[in-house]
Structure formats: structure tokens, C-alpha cells
Amino acid sequence: MLAAVGALSLGACAARNDSGSGNNASSQSQAAAPQAAADAADPAGDGKAQCAPTSIAYAGTINGANAALGQNILYGVQLAVDQHNKANPGCQVKLEKFDTEGTPDKAPGIVTQIVNTPSIIGVVGLPFSGESKAAGNIFNSAGLVTVTPSATNPSLSQNGWKTFFRGLGNDNTQGPAAAKFITGELKASKVCVIQDDSEYGTGLAAATIQALGDKATCQDKVKTKQTEFSAVVNKVKSENPDVVFYSGYYQEAAPFAQQLGDAGVKAKFVGPDGVKDDEFVKSAGDAAANAYFTCPCVPADQFTKFSEAYKASSGKDPGTYSPEGYDLTTILLKGIDAGKKDRAGLLDWVKNYDGQGLTKHFKWDDKGELAKTTIWTYKVENGKIVRNTEIK
Amino acid sequence: MTTTTTPAPAQAKKRRPLGEWWNNLSRVQQWGVLIPLVVLVYLLPVLNPPILTTEPGYDFPIAMFEVARYALIAIGLNVVVGQAGLLDLGYVGFFAVGAYVAALFTSPESSLSKLPFLAVLPIAMAVTMIFGVVLGTPTLRLRGDYLAIVTLGFGEIVRLLADNVDPLRGNRGFQQVGHPPGTKADGTPLFTNTDGIPWYWLCVTIIILILFLVGNLERSRVGRAWVAIRDDEDAAEIMGVPTFKFKIWAFVGGAAIGGLSGALYAGQLGFVNNQKFDVVTSMLFLAAVILGGSGNKVGVILGAVVVAYIPLRFLVIAEYKYLIFGVALIVLMIFRPQGLLGARQRLLTYGRQAYQRLLGKGEQISSDNALQTESTPGSKS
Amino acid sequence: MSITHDLSSLVLTQGGEWIKFDVDSFVQQFWNNTIEGLSYGSIYALVALGYTLVYGVLKLINFAHSEVFVYGCYATWFVFYGLGFRPGATPSLGVGELVLYLGLALIAAMAVSGGTAVVLERVAYRPLRKRGAPKLVFLITAIGASFVLQQILFIWRGGNPEQSIRLLRNEEQFQIFGGSVTNITIITVVASILLMVGADMFVNRTKFGRGIRAVAQDPDTATLMGVNKERVITLTFLIGGLLAGAAALFYMMKIPQGAAYQGGFILGIKAFTAAVLGGIGNLRGALLGGLVLGVVENYGQSLFGGEWRDVVAFVLLVLILMVRPTGILGESLGKARV
């Protein structure tokens, strides 16, 4: 559930536009960024696709406090559809947009509306885990395929929904990977795990604490929208850990990291994908230099073609989960190009899909989880987030 | 039940022709108007009228259930705020308790024994009533604004407890909350979170029952005591009204309706987590009551319709939705300070007979701003 | 039926972990928490004064006051930005420069917040007073105004907080009983107390203050005695706004990420709680309530864990009102010494 605060980011992943070569000199440990696979699926296809006019939908937050994450995804989706329609005059796919505001109580009404619109045969969304829990069964009973670019709560795939497909690793893969990174590469033996009260934060913290074992020497909880952390900071300071892992979003992580730094806590600050955002780096000020991130997202340094097209169409740099949204939409579009013209056909297409995308290789198991996922770590250099290593 | 949603006159002093017409009808004639109207209300989601519909943005039957749910909440809050004059800013706390009781007894993710949904409804009401007593006993000795802030604190405490207490699952929430029994012809359940119509019908039926109940309560000794307390608590006390007891009554009655609507909300959504029980939601509930006309149960239904329906109807202009909403609140309050349908002072028990005998018509139409006696110091100048 | 069994298992076995008493941490961090609590409490107190003044004069809970505070936060941010500072590393400035820039920000924040408060009074509340609207209606208008003020910021600046800019690192200067006292804490506490003493003197010693007290005591009589009631009300909103603006600057120094469109919400509720705790309508009560709230919620946080902080604040409120139904010092703006 990448929920709540959403990665806003005018250009999260600032490293995206630099070629990567300049940074390699300053940091030997940095792994090479993945090249955009030559065989990555392209929404344009061969340009000869024929189909009756049909629709796919984006359902998720578009406006509201957590909107930026939704917009990152939406622009990625829009770009794929635009490229497809431009290249294939014989097959025009319409993108319908539905704003759920990211809350579980709005989602069922909107999702019902989507499944009652017969022309929609595939959906990109829902981005957050809470709304997915509230509305996932509606998609399932309608047999309408959904591909989520950012809902990472592990239990979502345990509901027996036949229509749920997750385009990235879940929290249970990121937690142990983060623990491995903290104890391995960062060589920490005392770790403080601080979690917020979001589903994402608590779930990820539980997975991480379990993997850290007795190295997780202190824990505390904070609230989303909290800005004042003096009591937690005092507690961390007296524990004197090697690493502070903050399981939550950047909006709280930034003031927290800054207040830790001011109090003289020298521990390294590690945050998950919810923290990995340019906003964190800008807002944490001096404290950001000390920060690392883990993320089930792939460094997009080499996706120059995608980045340029994205910027041209949306006016912004791609943000967290923009490439995922683009990739997943491409899969749906390829299905339509291949002649799938109803919900059952497209569902079948996604279920049996096996192909390379920009971010990763997409092939799902019977629960809708990716067969193979990757977790990368990132760090801050000269005020920008750059890739560090892949956790294997 | 929106008969008396008359086009309210702009000037408070003006007579209300439609209202007067209505009050002069005999009971039988009133029923003659009401029954077709109720049928129409029931049929709304099926008819899906073109201008009223919230589609293609939002499923219309579910939107109608939302509206009905708000109306039920507004009726409950009106008992506390409108009838007894107790400013409650934490009503969402009772709503949350009801929703959590429903979730705890029906969701497979809770460790409690499972009960059928319909059995849970009275339990939800009972538990919320207990909460009402627990909150009311220490706090109802406070007056006015002190009561407001304490209830606001209570609402927040309930939300924070849902967050902090592990068995309540915080943001993770409860999935597969139960629903009433019944299956359609093809064997699928009648009540699902995809189909708003059965839920809407259930909710409207409950609203009608509650309206009868509250209407009778209003005309009883209890209701008269509430009005007395609302208008002047000290005077009521001196005249022998046991104010504390009746305040508790109002609080508990309101709480029960809040808990009931919470349970319905949980059932329709099929999912409960701690996201929608914040102060802002509580303020929206109160806005429905004040906007519609505090103290007038038909008015508050109208207020609830405005508060719940408008954001769903205008999903398309999502960005400006809340700005428009805020401006609408300010403007409406300036032009209709007594609410869309303000409460009027009138005889309660045997009022109809008394008016008939004395005036020869159904009711004396007093000035619309009867409730304004309780005004700010500024109004006197 | 095994409901009782279920309930006990729910509370005892599953729930064994959800609350804890960390006495060690409480004792260890006692002075740190006290000092931090006082520094936060003085910000609460400054905002609480705005609630208390308006309540004293109009008997109105001005729920939009938290938005008045947020506008001060944005003003501070824009002054810093306009002076050429950018998000990222904290600059090192000389004392003279620092005083100048912070002074500019203080003036701007106070002006913007004061202006917002006065406009709010004119546009939203005055028409209601003219029409003699019931008291609850003011509350709904306040909620509506709150929505509008928030949404203006949201539509203009977006949902993200402004990226943090700060001129001064929060650094320890000396220790009291092992609790560290930072430069920002010193500035906040000293300046807040000066401002509050100033506000108290203004209300209790000046002619304008006498007008405020007179209206608070009895608006009709005050009007008959030649007090211009409308002017007094405007003045009250202005003073509340000015103090909220000052609070905004101190808050932004402490938490540079504070300029967010919904950022005033929690602080507003806390400040209102502080005002009621001390006795709403009582200026010194607001100070006391703010400090008590700031300190106690820090104690609660270190004793029970971070997630219980707000619960402790509200439980404290309920407990105090049960013992003293009009707050610690009782309400008395109208009855203050002349």
C-alpha cells in the first residue's frame, strides 16, 4: 500500500536523467543501472493493430493530498495509451480516469461504476492497499482484470481474487531485503525501527523487524502528519544505534531525520520506497546526506527514451512508479492489439503474460505476484538520489 | 420523506405557504401525499433520473445509500444537537464504535465469535449506548462549549484507540464484514458492496422507523424536557425537569442511532479501518444538521442530502469540490442562518388538536427564526 | 455463546502488547522532555491566546484560527525564499543578519496572519452578527471558512508541504539537569513569554484593552457606554492573528517543513485544547494551559510510547474539566482586574 502521503515528486529519482557515468567515479560500490532491455515491450507495437474502439481505465487518487503518487502513475498510463493510439490508427483505445481520492469508503462506488461500464475491459489500479481491500472483490466478481503499480500489502494477493495482479514486489520481499542491506552493507548491529501508523508502515516494519532479529534493539511508533518528534528523538539518542530505519513516508521522514540530525544522532538513516523521493532530500536539509533508501523499483537512469517522452507529455520528470504504470498499461494494450476484445480475453492474456518490460520481466504466479522481483538500494549524493546496489 | 422540503422563503418573516398548506391537511390527506412520495424515494436508485444521477463518475445506487446513511446520522445527531441543544463535536466516535462492533463480530479477521449481521445491529446500538453513558456521565455536567471540546476529544480518542490498540487493526482494517442474509434468484447474495439498492432500501426503511420513533419521542415528556433544556437549562432545572437525566437520554439516544449507521456503513463497505473517523468527518455530520435546520428532522435530512450528495455529484470537478463546499457553507449560513428548514416553536403534545380548536387551522406559523433566542451577544445590538 | 471468553482473549492475549509503561525512558528523558515540552507549549500558548481572546469577546469558537496560523507559516516560508534562501543545507549566518532576517519574517508572518484574521472576521462572521444568527451557525461558518482557506493554499501551492528552508540549526547551547537546551528553544520560550506579557498588559492596562474587557463582560452595556463594539471585535481578531503569526515563525524555525496546507489542523486542535484546559477566555490560562499540555504530552509519549501522545493530551483535558469544569484558572476575560 503505497498510501497516504504519496510520492509527490517533481522528478523523484533525480538520477533518472543523468547517464550514471559521472557518479561511478565517486562511488565504487555503485552497481550499474539496468539497461533498458532491448526487447522491452513498446506500447506502439508494430503499428498495424486492428481493434474495435475499446477502453481501459485508471482508478486511483487523482486529486487530493495524496494525489502526486496517483498522478505519477496516471501520466505513465496516459503516455503508453497516447503512444499506442498514435502508432496504431486502426486501434484506438480510450483511457477513462476515475478519482477514488485514495480512501476505502469512496472506492466501492467508483469501482462498481467501472465494472458496470461494459466498454472498459482492463484497469490500471488501485494504487493503495486500503482501497484495494475494500473494492478488490468487486473487480473479481466482474472478472475485470486489474494491474496495480504500487499497492504493496502482502495480504492483497491472499484473497483468492483471480483478477488481481501486482506489478512490483510486496512488503514481504522488501522488509527482509532492507534488513539484509542494513546488517550487511551498512554493517549495523544496533538498529532502531520507527514506524508510522499506515498499513504500509506497520506491515513493512513487522517484516523488517522479524528479519533483523535481535539486531532490532529499539522501536517506536509515530503518526502520519506528525511533525514533532522530540520524544522519539530523545529515545533514539539514548539507544545510540548504528542505523535508524524509518518505515513510512517522506512527509514525516524529512522532519524526523532533520530532528535526529540536530540532536546529534550520527546513525545512518534508511527509508523504504515511501521515503525515496526528492521531496525528502530537499526537506530533510543537511540530514539527507546521511540517508539510504530501499525500493522495489528499478533505477530508471537508462530509460532515456521513456523519460524524455514522459517529460514531453506531462511536463514533469517521471516519478516513483511512473515506469511501472507505463509498463503495466503496455501489457494491457498489447493484449488488445493481440485481438483480446472482452474482459475474459484480457484477463486470460495478463494471466499468461510472459515478457520483458522497462522495469522488469513480467510473469505472474497464480496468486498474481510477480515470479521474480528485484529490490534496489539508493543513496543521496550531492543532493540527489542515486542508485547504490541491487540487493540479491 | 421529503414532503415539507418546501421552497423556503428568502425572508425569515414571510409565511410559508406550502408549510401552512401541509399543516392544514388532515392526517389522512397527509398520508395521501406521503405514501406516493415515499414510494418515489424508494424507487429513486432504480429510476436513476438523468439530472440527479451521479454517473458516470459514481455508481448512483451506492451514492444514494451514502446519502441515506448521512440522513440517518443527521437524524441521530439532531436528537443531541437540535432537540436537546448539546453541542457534540465527537459524534463520529459513536459512528466509529458502531462500525467497529459490526466488524469485530462479523469479519473473519477478528478473533471474536461470528454473529449474523442483523443480530449485530442491536448489539452495535447497545454498545454505542454504553459508550454514550460512559462519556455522558462525567461530561454532561459541563456547559456549552466545554462540552463541545470534550466530545471532540472523545471522538479523537476513539479514533486513536482504533489506531493504537492492536486487536482493532488500525489501518489494516477488517475485510469481509458481514451483511444481511438473503440471496437473489441466481443464488448470489442480495446484499453486496457492489449493489447499493438493497442497502438503500434497508437504510430508508430504518430511517422511516427512526423518524416515527423520534417523532413520538419529540412529542412525549422526554421531548418537551429536551426543548426546555435547549432553550434555558437553568429555567428547566428550576421548573423541576431533571436536566442531567434527560441530557443523558438525549446523548444515549443519539449515540444509538450513530452506532446503527456505523454498523450499516461497515456492512455496505465490507471493510472497516480507521481512516474515516476523523474530526473533519464529525464536522461534516454537524454541518448537515445545522445546514438543514437544527431541531427540524425533515430539515436535517435535507442538510444531509446536500452534504453527502453534492461532492459525489460533482466528482468531475474534484479539484474545486471542497472549495465550493466551503464557500457554499459560508454563503448558506449568511442567507439562511436558521438552516434550510429551521425549527419552529410550536405546541408539541396534542398540538394538532389544540391548534385546530384555537385557530381553526393546523398550526400557527410562527416566525422562522424561533431558535434564534439562543444568539450571540453580537445579535442584540 | 463464548462471547465473554472471546472478549477476555481479545483484551488479554492479543492485546497484551499494545500498551507499555517505559518508566526507565521516562526517568532518563525527564528533563529533555520537560524542556522540549515547554518550548512546544509556548507555541501552543501563543495560538491558544487567539482562541481565548475571540471566545472571551464573542463566545465563539473560531475554528478557522488554525488556518490563520498556517497563513503565517507560508508567509515565513515566502520571506525566507524571497531573501534568496533555498531548500537544502542550512546557511551559516552572522548574528546581525540572522536577527534582521528573522525580524523581517516575524513582521511578515504577523502581518499576514493578522490580516487573514481580520478578513475572516469581516467576510465570514460580521454578516452573521448583523443578522443575529444563532451561535451554532458561527461554528459551521468557521468550518466553511477553514475549508476555503485550506483549499486556496492547496489549489495555489499543491498538496505537498513547502520544502524546508531554515536559517538556523537547532543546536544545544547548555544543559539543565542533563536536559539539553537549544538555541531555538531559548528564542521560542523567551519571545513567546515577552509577547504574552505584552498581550496581557495590552488587555489589562490600555484603553483598547479596557474596551475588549468591557465587551467581553457585557456587550450591550459596553456599547451604551460608548465602546465601539465592532472596532473592539476587529481588534480582538487582529491581536489573535498577530500572536498566531509570531507562533508561526517560531514553529517554522523548529519544524521547517511546517508550511503545509493542512499543517495547522493538529496544532490548532492542541492549541484549542490548551485554551480550554487553562480556562477559555482567560489570557493567563492560555499560557498555563499551553505549557501544561506541551509538557504532559511529552511525558505521556515517553512513558507509553509515541502513538499515545495525542491520547494523553485529550485524556488530560477530560480529567481536568471533570475536576474544574471551567478549566484550571476559570474563564475571566471580562472579570480581570481593571
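Here, residue 1 is simply the first one shown, and the rest follow in order.
For all residues, glycine too, the Cβ spot is worked out from N, Cα and C.
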With TrEMBL as the source, identify the stretch among B:152-175, B:224-247, B:248-271 annotated transmembrane segment. B:248-271
Quick one: find which recorded stretch in B:199-217, B:283-310, B:322-341 has the most Cβ pairs under 8 Å with the transmembrane segment (B:31-48). B:199-217
What residues elsewhere in the chain lie close to the transmembrane segment (B:199-217), defined as a C-beta under 8 angstroms and at least 6 residues from its ends? 1, 38, 41-42, 44-45, 61-62, 64-65, 68-69, 71-72, 75-76, 79, 180, 191, 223, 253, 257, 260, 264, 267-268, 297, 301
Below 8 angstroms Cβ to Cβ, which residues of this chain, lying six or more residues outside the transmembrane segment (B:117-137), approach it? 90, 93-94, 97-98, 101-102, 105-106, 151, 154, 178-181, 247-248, 251-252, 254-260, 262-264, 267
Long-range Cβ contacts under 8 Å made by the transmembrane segment (B:283-310), restricted to residues 6 or more beyond its ends, are 1-5, 54, 63, 66-67, 69-71, 73-75, 77-78, 81-83, 88-89, 91-92, 95, 207, 211, 214-215, 218, 230, 324-325, 328-329, 332-333, 338-344, 371
